[in-house]
């Protein structure tokens, strides 16, 4: 689908889906749908358990609740649109709707990165300064960290759609992607996109480098403290938790870094592989996070069991 138009009459984009794999869209919709359902169920359950159980009203679980809300938001801005393409062949998306989707995806991704930093800081304080945990991580501080995370994402991404609105699209409106992604949209412009590309690189590198450094420093300090523990069981438990968290962080950052580098230097990377990795970092972490942070956390695991037992008892009574 090619449209010869200037920005004045350019009103929509055509999302291809996964280039080269169009005949498999129906099959590809199965993992996308499954991941989305798991995201809604897993994160929804975590939010419900934390809200209902007063003993979980602590900083660690507040951050986990923030992460759950953000994961639902990320998946909801991506998966339904992809399923429209895969199931209904609904490839056309309005220009402003596309920019809105792009803004929300990148904003929620940056918010998630900031929450992971906050969670790493929480674990650092809990393990390295346990006696001062309650005085350092107060409720007002947790609220401020949450607000700063949201504000950083919203403000940093805002120039992207505004700068795109200045561009002209003269030759085509076909986006070789399954959703509206910043560089995929910028590449279609027929005018100079230097400012857009430079700002995109600045945002990506500043977020990735700063957040990875902060998370790495936190976990290095945590591991140093863990290896000083005298109890072998406590050491094994802490190491298991840290390993699970680090795996989740890698699942979040590595595919996003791959997608970022592919746009700039990966000209030989097949488009289908690029889009699959770009989709993984938006859909897999939200589905996996409830398992890593929920199932691996004893307090949440116990409360989930209690919640289901209560429901089972209520059903038995009604019978």
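Any Cβ shown, glycine's included, is placed from N, Cα and C.
Remember, predicted model here, so these are calculated numbers, not experimental data.
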Which range of 103-121, 122-140, 179-197 is transmembrane segment, per TrEMBL:
103-121
Same-chain residue ranges lying at least 6 outside the transmembrane segment (141-164) that approach it to Cβ under 8 Å
59, 62-63, 66, 99-100, 102-103, 106-111, 114-115, 118, 182, 185-186, 189, 195-196, 199-200, 203, 206-207
Positions whose Cβ lies under 8 angstroms from the transmembrane segment (241-261), at least six residues beyond its ends:
109, 112-113, 116, 119-120, 123, 181, 204, 208, 212, 215, 219, 222-223, 226, 274, 277-278, 280-281, 284-285, 288-289, 292-293, 296
Tertiary contacts of the transmembrane segment (199-220), defined by C-beta under 8 angstroms and 6+ residue spacing from its ends, are 106, 110, 113-114, 116-117, 120-121, 123-124, 156-157, 159-160, 163, 182-183, 186, 242, 245-246, 249, 253, 256-257, 260, 264
